[in-house]
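Before I ask anything, here is the structure I am working with.
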Amino acid sequence: MKNLTTIKQTNKNVKQERRKKYADLAIQGTNNSSIASKRSVELLYLPKLSSANNFQMDKNNKLLEYFKFFVPKKIKRSPCINRGYWLRLFAIRSRLNSIIEQTPQDKKIVVVNLGCGYDPLPFQLLDTNNIQSQQYHDRVSFIDIDYSDLLKIKIELIKTIPELSKIIGLSEDKDYVDDSNVDFLTTPKYLARPCDLNDSKMFSTLLNECQLYDPNVVKVFVAEVSLAYMKPERSDSIIEATSKMENSHFIILEQLIPKGPFEPFSKQMLAHFKRNDSPLQSVLKYNTIESQVQRFNKLGFAYVNVGDMFQLWESADEATKKELLKVEPFDELEEFHLFCHHYVLCHATNYKEFAFTQGFLFDRSISEINLTVDEDYQLLECECPINRKFGDVDVAGNDVFYMGGSNPYRVNEILQLSIHYDKIDMKNIEVSSSEVPVARMCHTFTTISRNNQLLLIGGRKAPHQGLSDNWIFDMKTREWSMIKSLSHTRFRHSACSLPDGNVLILGGVTEGPAMLLYNVTEEIFKDVTPKDEFFQNSLVSAGLEFDPVSKQGIILGGGFMDQTTVSDKAIIFKYDAENATEPITVIKKLQHPLFQRYGSQIKYITPRKLLIVGGTSPSGLFDRTNSIISLDPLSETLTSIPISRRIWEDHSLMLAGFSLVSTSMGTIHIIGGGATCYGFGSVTNVGLKLIAIAK
């Protein structure tokens, strides 16, 4: 008879085994989401790309589909997820291309997919009908490694789908099929082998069985978001084991948290995987690009090429990027920046003769910028559950009005905000007029001096449905009146009031002039683009502000319509209402890495101090010390207005799609804002305010 201790130990072991099984299934579940997203790319992107950028085409330029065998249902993801997954496909394919291009023809290459899931990569590259993979056909073989339960399903699909069986030779020689091992498949160019990668001994045994220690064989290990769920010491043992084999390459694509676990996107991403019982583990130890380099060097790979996914996007040639921009309407650049900076692509090798060629080389290094702290201002919480983004707000008289935006659906309501010390109350304005603007976002809503009125300019419905209509809202009568439309659509532009009551409009996604002036008296729009080469292209989502005391304005950051380049300049200009031919002239241009912001908002605190808040950058993430900064335009000095640790760690914070408003109390409020964090859920701002510190 078993004693009580033995029974308790047995029960404990059963529970541990059950927990492990559940965790394994949760990790396998992440594969289902990933492969469905790649199917979305296969359906939407690949048919629209030319042969130069399509991974899957036959000799008649017909699209070959491989993901459909594992995801038969037609899937459509959001534009940001689609672009992100196209980039993931490009990441692995481009690294494999670089290896095969530099490997001598007489060398055999084996690609080992660690945690392969339902990835059809072997079938893409071995299919002799696929002219885009001709260089792989006679040179490469594949080994798929994953959990036994998952491989059983994958192998059963391979056996029952003639197209897949034929690619790897199953239909030609039944001897390769071993029905006694349903998680085990062997053909001349394709092996499927079960392995729990948490078991380093099992993995080493498998490497031996597959004869991968042969120095004449080039080994390429691919880990696309598969080691990230393992404890660092276990994933490290996998990497180290592969480094002990001559002629070995390791390609890893996984999550990154370069500004720590409390950066808003990072916090949401970590929480998402934890909720799904597949917590990210390695990323907490190897959270930066530098730490990944050190990791692979320490584990035996002397030569490492590593960068984040936006660096990969930048490395794609211009023709490819232009073609991708045409695939589907896209207006999620802030979210794309955030996604890209949270994924790392690393190619490591122990083969000293291998050269990372220019087309594949990540060579940008970013140094940390330390700023002195601005002791005059601090950021506090201020309850404002507006739950909207990409609307606009302005002060008219003693009232604050917020118009439009999305929550997540586009709206055309006007909210009246009553600002108190620690909270903001809001109510819907009941509009008297029967004719009202359509729901929209990415517009401007700007005070004009004439009788407490607000000017609504442009905006958009869907990303491909820009608007050209303009309206004036009268706060006394609560009526909308439509004014002359623009000759072009315009959204993601900026606008500010000028001392004479006119309104300056800058840039946006438009085919119109780079700068317009709305003359309130004449009720016309006039092209006032400065004669400066900087304004040859329209600036998108730039910061714009004018100071009536110094009679100068500032334009900060802003992107261009290539969706890659973002300005790192602050342009100081003056406005001369008497100069009919050239009312806007550039005085000075300042340049700084922290000016490189897309979607930031700026506001003068004093004529000698400009507040710069939020936005995203192609160069990296902002943190709690540089998300909010101040600029003295005269001395050209920058200071930090740090976000307190308590707000950074505990507050719902996302400095994208928000607005700034100054109040008569001398405070500046961050109103609205938020972003969808890729497939990890949305984050919205609750409310923040900037106050002067009493001396």
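The backbone N, Cα and C atoms fix where each Cβ goes, glycine too.
According to Swiss-Prot:
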- LYS38, ARG88, GLY115, ASP146, TYR147, ASP196, LEU197, GLU224: S-adenosyl-L-methionine binding site (BINDING)
- ARG88: active site, proton donor (ACT_SITE)
- TYR229: active site, proton acceptor (ACT_SITE)
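In the displayed structure, how are the listed features positioned relative to their neighbours?
Using a 10 Å radius centred on the Cβ of ARG88 (S-adenosyl-L-methionine binding site) and all shown protein chains, the other Cβ atoms total 21. DSSP assigns ARG88 (S-adenosyl-L-methionine binding site) to a helix in the three-state reduction.
Annotation note: TYR229 (active site, proton acceptor) sits in a helical segment as assigned by DSSP.
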Fill in the CA-CA distance, TYR229 (active site, proton acceptor) to LEU197 (S-adenosyl-L-methionine binding site), as an integer in Å.
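About 11 Å separate the Cα atoms of these two residues.
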Which number gives the other C-beta atoms within 10 angstroms of the C-beta of TYR229 (active site, proton acceptor), all protein chains shown included?
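Here the count is 25.
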By the DSSP assignment reduced to helix, strand and coil, which category contains GLU224 (S-adenosyl-L-methionine binding site)?
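GLU224 (S-adenosyl-L-methionine binding site) sits in a strand per DSSP.
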